[in-house]
């Protein structure tokens, strides 16, 4: 049985409810959605305070070079920056200094190259995008290019988070520490994704414009050096003597030896997705321009490219929590599910559009994914025990639709509200009890971007139940969301809003699953849920047990 | 005991067969790949820029091939023979523990070692053979060494075809430099990849790199060869003329001048032939590596008593040969991570008796590996701490009696000093690992000995001639300054660390899995010793990385067939060690407080529990 958003409790009216985020004793009308007030990590980054880096465009670069360098050094620089086409461009543009035949021939080759690349681009239209546009297109963040917060990552084991900002810096917050280090690197441009290394205290992988950075943020030496930075946080008032620390790797220092490792590979740019293996041993990175997915051994700084024909690149990767499988989406209507023992893959073609987002159930048995241009959530079920030699044989034969999020209008005290539409990203909480869906919305049609939350059940049968909507202050839209893996009383969804605020929405429940050892022992008594009776038994999707 | 010894012998020979058959399979595949490679070479060697149509239609090619069919078949058989021989050399010379030269003298010792000399010589000859096959295939003016020419005074004579000679010499040079660079870049070292793929996919993925590496390496070798031939070319030419009684045709330019060597067609043929030579050899090396490092699944428990020596605990504890031990450790790491059913076998009890024999054997071997490394690191650190502070370097002097034990002299300052201390010791700055894997071929000690013998004899002759000590010291000081490779001692310490990495991964995964899967509690009893071994290693590694040069990373070498992953093994070990401890602490959490351990270890463990390491 599969139903639509119409079964959801209506979203709260926009006005007047925002105070609930920050007032202590009131609850929202949906009792299952509580907003925890005075969270230590409620952060605020006003859009105005962050200046995006004004990057030297290629034209200004060329003009700069013209004045001060010889043809040879200019050519060498162009070769370094932009490869063969850059070199040819440079030669073709400086016709006064080169022999005529050289200029003509380089123009011809350049035209040929452009023709070939336009042909290639007609096969894979995404290749015609610039790097920034590509990152914005394939990022999991809604409206990435204009978003103050471009990335957010909870540490998998401790209450610590990293926030990537519009100005290409990364800040690290830890409620136990009064300092928040700022990570800056000259190669850290247009951050598309970031993730902490599992089973490690300090390593943070960042997907940058043309490389991967792995930061080593020493958790013990946070109070050695301080410099001033402009940060506004809700709970950490500025005090003159305690200011955040800044790590800065100067360009003169060898980048690999310092606090950041630079991992780059020719043709692998821009990097739009990174994923650590849950065992912490490998790092996988993907770029929409590179048909190969790179598997890095970070300590050794070596990588194994995994090439497969088709797709034209890899946009988004997601590792199953048990480490046995890896989903890799491509820019065309195809995605792959890799088996990580022998690194073979299963192709999932014939989608209507490209795979936009995907997430795994905590036991690694189910993959939910969404497709661009469609308003439904698909599920794949992997029944075999992971790790057997014939790993892929037990895989599913077809994806099933588990939820339909097409537009519906819901009654609210303020009148009808339109909800639904295309899906930007999915997030499943680490216990498998809540599924958050970030809906793109459509400003023209009066549909704001919104987060719909489902209750989920994995065992004995897979079930989806409506839970509620998460809305921000009026006029703000959610941009990015992630579940906190260390929340002990249920699930906690961290949402980054369009106005630069980061808030945390807690869902309290008694976990049906035995909590994972080490994650946090037995959860303390949860606050009981009094929920409207008419929503309890409505199941959006129930799997038939055969 | 006689019975067990017998079993061990047959066991080890049977186990050797695994590697042998894998090598045979790899050689068979490289022979099978020879026809397409040769065909590609033939097509490329006929390529002419100015006659593209002729090249495409290939009339000449066909005619030539039919014309010289017999010779073509013969040369192809020769090529097969060369590939077989290269494969045999791979099997004979490979090692899973790289031999790291700690100074340039040691490297020189490696080069001059008879074993390596033999290797170089054979490769040199094989290079000539391949180059001859290439010359025959190209035909035309490269076909033969002599050609009939008319000289004024006498009748028809045989003249030297210098093009052919240059091709042969280039083959010899490329063959020799392949052997030499193989030594310098540790091409015989076989590394295991972190990502296991099927052999075909692995081969397909690496093939473009090999092509590129062979083309680039051919260019470099050729540049060196041409420089050499430019200056020294007349020597082999005169020698060949004298021995074979050939004349030098004075109407043709000799090739050891600028205009002669700038023949584009000749350069192209030389480059293509050198690339072909290197490509076939590299493919053989590559296939050998892929086949040998393929994961092997050892049975955890024997189904019959006779097979006991083939199963995992036995192979892991065995010493000979090293590669099997490595394969077994790799299998352990994989099974502990991926296979719940095989993990169950590790945790099971022996049927009569009820002892956890498998787990005990695995655990004991892994712990001994770890404590070995700890010991090695600690002693190295102590050495450096006690001696390294006052001075920079060490010199080895032969003892007066000429016995095999060496005396280590501590040089304080070249001009003002004398011998500060004389300590009998083995190589201190370059700890090798013979006590861990005593059967690894480790030519370091002997070669260093022989090379130093010559050095010290030189020094002593100088001393006797010039009299006083200072000259000797200046000499040795210069030698030390120019010849020490700073990072090498750190690399050498961790040369076999792949084994430790697998041991750590295997142990930590097994311990983590035991939290929910170990029914009899066999792991629990050993948890304190595992934790203390890991923490002690962690401490030793931390201390080691505080030494100078230990944490500096080597530049990444690109497009070379030599595997330089051994240079960064210590970083991999450090990362794996941390992850392993975190894996155990994350799984057991607060329960670890009930484990017996020293207060110092508890403090360290507390750091891990709080994610502060």
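Here, residue 1 is simply the first one shown, and the rest follow in order.
Placement of Cβ uses the backbone N, Cα and C atoms for every residue, glycine included.
All annotation found in TrEMBL is predicted automatically rather than curated by experts.
Note that this is a predicted model, so its numbers are computed, not measured.
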Correct range for transmembrane segment (source TrEMBL, candidates B:185-208, B:209-232): B:209-232
Annotated stretches the transmembrane segment (B:164-184) and the transmembrane segment (B:270-292) touching (3 or more Cβ pairs under 8 Å): yes
Interface-richest range of B:20-44, B:65-87, B:93-112, B:124-144, B:209-232 toward the transmembrane segment (B:270-292), CB pairs under 8 Å: B:20-44
Cβ-Cβ under 8 Å with the transmembrane segment (B:20-44): same-chain residues at least 6 beyond its ends: 58, 61, 65, 76, 79-80, 83-84, 86-88, 90-91, 134, 137, 272-273, 276, 279-280, 283-284, 287-288, 290-292, 294
